[in-house]
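> The structure's right below; bear with me while I get my questions together.
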């Protein structure tokens, strides 16, 4: 397509500012982090010293780093699986629960599910501090107390803590994916659904053999989004967990360790090396997911 | 103060910090460490005299950064800054209150545009050891050798023992430690008097008393595992020093081989672990210091380990009848090196002058004003906390808690247990120790395991060539 006269100038005019911002605040810091990863910079001098691959060999032998990576693996499996399962289920009920329509009041439910998405992460942190409070003053433990169950240390038991945090992440994410899938389902042609219905297709068969295949592109995108979210978790871990990443380091994640290594230990070089590792991990994940889940696109 | 206000970082504040680092970098070609490196001149100086020993230029502006935490910042705006202004009426004072010292100042250090005096405190304080290692801090020897304002003799002579040494890094004073803090077990003396409970002198008595408190339906002992586990390792360290003498703490700071697995530390860990096992409710691991302190104010917690800032920090929440009082940590056995009544008392709260400050002479003078009798007295009036300046608070009407800690200090006499400097020196070790302390106190780790694990971390720090080592002799 040929661009109209002055079109290039028009496009550049619109793009210049966002691209500049992106370069200054995203690309440039990334490049700097790669550079710093090879130094022993402690954050205060004006001349970082090169230390070669020191930071990286150190990283490979750092148990805290591997613990954090282990938690990301758990997050990477649990977060997308649980979130997508719940979101697909809700979206299906809301949009195709009654054949080509959703259940009664589906618009209302959709809005309600979306609420958590509107809240800032900090608000969610504060909210769940109250929900998970380990004594009888907590929302959950208060309810348990009513039926005579002793308070549970949602965030203080090392085996439970990470799962409690995953529950919060899922709670927050589901609404968004319900809306995303609802939009995807609205695009599924009515004729296909009606034809399946006439053939006596059951609800569950409809879901697995009609809806899901036609929604595959959306699911794939959702999986990548959630996978990338699984590499974060900083704000929730920092506000909710015992001693930031505890108990006994059972909830720590890489962004938290990077933050701590840089701003608490003043090892900016080493923290940058962790950042580079995180960058490589998330990029690998995104590429792999897109490759592995690539399928023949169904035209309709 | 580092102890008083641990905060959760919000993701935004962190991002802001990083963003500011990028902004400080200015043009794209420059990087986060600033483009030009102005030589460390320490700023311009004027004529020196006995009233102006550092040669402050009378009209040079002064920038003061105050950590606005448990102490507030009225002591600076209403006491020290006016005093400075009185001496140098032409000087413009820029007052910067913040709770996020590192996020605010780290980019400025990297960029070479630093303030003249910093109250480096709070959970987001900058690593003093790292700053000193990079030559960013001014040696304060001149300050302590200068004549004291309104007194005879030098500033050094006007201070309580150990105050100057508390600010040592690499054998020289780089930090001015200002407040004198007494540590111990805090309780409500009104509540205790009503139940005729007396502070215990031995761990056996402690055990019995905690049992009685528990029977009365009150959580007998508590600390906040979520963000103030260090309150608890202080108690373990203090008990270890009681058993084996203050040398144990010096050895800890010097990363001496086997100090954490030595008998005094192991016995202290055992004594506290058994208290944890019997009397510490598991829910406290998930609560913050504010939550636990509020519970104590509501009469739901017996003893709470902390320092003497506690009363001031809780001022708003404390009900009228509540009387803060301090009990020294109980003795473990009759063979303890230090008698019952020994307390940890230390100069704390770091005030620093950057070596590359534009008006570093003014920064030093500001510290001298703080250390004058008048400045220190005003500080105590504003915050209720005593300073390192000898006798500055004499005759002031003190609150029950301050009164109680003063009395404990008098009774202790020479039996003073010092601070753990590894908290300033080796943040990485300190962070790990918090987590290990929670594991010990909440029953996930035995005393033996605790000692072994902590020693292993200390050894790892010692072997890590990227960490600058410090040492102390007293």
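For all residues, glycine too, the Cβ spot is worked out from N, Cα and C.
Keep in mind that what you see is a predicted model, and the values were worked out from it rather than measured.
According to TrEMBL, the record shows the following:
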| type | residues | note |
| --- | --- | --- |
| DOMAIN | A:69-289 | domain 'ABC transmembrane type-1' |
| TRANSMEM | A:12-38 | transmembrane segment |
| TRANSMEM | A:73-96 | transmembrane segment |
| TRANSMEM | A:108-132 | transmembrane segment |
| TRANSMEM | A:162-183 | transmembrane segment |
| TRANSMEM | A:268-290 | transmembrane segment |
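Please situate the listed features within the shown structure.
Within the chain, the transmembrane segment (A:73-96) has long-range Cβ neighbours (under 8 A, six or more residues past its boundaries) at 102-103, 106, 109-110, 113, 162, 166, 169-170, 173-174, 177-178, 180-182, 184-186, 193, 206-207, 211-212, 215, 219, 222-223, 226-227, 229-231, 233, 253, 285.
Within the same chain, residues 71, 74-75, 78-79, 82-84, 86-88, 90-92, 94-95, 110, 113-117, 119, 121, 124, 128, 132, 154-155, 215, 218-219, 222, 226, 229, 233, 236-237, 240-241, 250-251 sit at least 6 positions outside the transmembrane segment (A:162-183) and bring their C-beta atoms closer than 8 Å to a C-beta of that stretch.
Within the chain, the transmembrane segment (A:268-290) has long-range Cβ neighbours (under 8 A, six or more residues past its boundaries) at 30, 32-43, 48, 51, 55-56, 58-59, 65, 69, 72, 76, 220, 223-224, 227-228, 231, 254-255, 257-259, 261-262.
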